[in-house]
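*Asks:* Right, I'll just put the structure down here and ask away after.
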Amino acid sequence: MNIHEYQGKEILRKYNVPVPRGIPAFSVEEALKAAETLGGPVWVVKAQIHAGGRGKGGGVKVAKSMDEVKTYASNILGMTLVTHQTGPEGKKVNRLLIEEGADIKKELYVSLVVDRVSQKVALMASSEGGMDIEEVAAHTPEKIHTLIVDPQIGLQDAEADDIARKIGVPDASVPQARQALQGLYKAFWETDASLAEINPLILTGDGKVIALDAKFNFDSNALFRHPEIVAYRDLDEEDANEIEASKFDLAYISLDGNIGCLVNGAGLAMATMDTIKLFGGEPANFLDVGGGATTEKVTEAFKLMLKNPGLKAILVNIFGGIMRCDVIAEGVIAASKAVSLSVPLVVRMKGTNEDLGKKMLADSGLPIIAADTMEEAAQKVVAAAAGK
């Protein structure tokens, strides 16, 4: 789950990480009121969407008068902001953050992620913060410093101080940087975040260390113990189909292809998509029905896939371990009839009650294309999607 910048800053504030004063706004009138409350002479009008690259996309503007606040708020609110993270379709801006201006002397970068190799937390920091951190990572990776933090110990004072000095924080400001780094780490750990990023973390002219931006991603599997994080959820920023899928406990992610995939198990789902691509096809979605699929869940899964106007074929790939193949067959038959399926359907089933499931499909009278192996299934669905 992702949240907005201003929400991330609320979290940072709770963990004693210095952030600028700011007020969210949902209208031009609220933006003007926020600017008046903050006082001038400089404000920053920032689009709030779940994507980076807002500055380059025209979603962040510095205003030096109330008239400029009004102009920028009017221009940004309601615009479709296209960045390198939104894709060409962009995201509509429904809210703003009006923030006090800052005296920026130096922009730094710091982030925390889970390092799967070490099974610990990786702290990454750079002296080259700001809008072009992707360029730094691509062309001068030596400027990015990485520290592996043992979660049983946490980020120690000496480690934080060392990282701060490596990214160019002057000695007089190192204690402030330590506070910011340790606060960010604590926020990351205690909220079950999968990513916590400050870009930029700035040094001001008078030596202060301030988080000028904040980005958090959270482990969705841990949200049950964080109602305060769930309260930040903005459904306008999420894919409508993914929201609908979550109501039926389906793991669904929209993709750009034309072949629908219905699979049980995330690993098998990814392998299925890889195999489709291997034979020249493009998956339209990731869809994991899990180990407890019912007729209702399978029907809803079909409905979700068929909402895609570009869908040309569907592949159902099931391994019957916990999930019995006859139950899936029953669901596929019922779903096909319920939605009046009009695209080719390829089904491959292996495992518990496999023969019974296959017989049910064969006797259903539906034009289902059977396959025995994953390779055969992928080849058949790619051909069907191409009209062959």
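Heads up, the Cβ atoms here are built off N, Cα and C, so glycines get one too.
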*Asks:* If Swiss-Prot says Gly53, Arg54, Gly55, Glu99, Ala102, Glu107 bind ATP, which of Lys46, Lys91 does it name for the same site?
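*Replies:* Record check against Swiss-Prot: ATP site with Gly53, Arg54, Gly55, Glu99, Ala102, Glu107, extra candidate from Lys46, Lys91 is Lys46.
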*Asks:* Starting from the substrate binding annotation in Swiss-Prot that includes Gly321, Ile322, Met323, which of Asn258, Asn264, Asn285 is the extra site residue?
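*Replies:* Swiss-Prot names Asn264 for this substrate site.
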*Asks:* Under DSSP, is Ala102 (ATP binding site) helix, strand or coil?
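*Replies:* Note: Ala102 (ATP binding site) is coil by DSSP, not helix or strand.
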*Asks:* Over all shown protein chains, what is the count of other CB atoms within 10 A of the CB belonging to Gly321 (substrate binding site)?
*Replies:* 12
*Asks:* What is the one among the binding-site residues Ala102, Ile322, Met323 whose Cβ has the most other Cβ atoms less than or equal to 10 Å away?
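*Replies:* Buried the deepest by this measure is Met323.
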*Asks:* Please list, in sequence order, the residues in the chain of Gly55 (ATP binding site) that are at least six apart in sequence and whose C-beta is under 8 Å away from its C-beta.
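*Replies:* Spatial neighbours, sequence-distant, of Gly55 (ATP binding site): Met131.
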*Asks:* Within 10 Å of Asn199 (Mg(2+) binding site) (Cα to Cα), which of the binding-site residues Gly53, Arg54, Glu99, Glu107, Asn264 do you find?
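*Replies:* Those close enough are Glu107.
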*Asks:* Give the number of CB atoms, excluding that of Asn199 (Mg(2+) binding site) itself, located within 10 Å of its CB.
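*Replies:* Summing over all protein chains shown, Asn199 (Mg(2+) binding site) has 20 other Cβ atoms within 10 Å.
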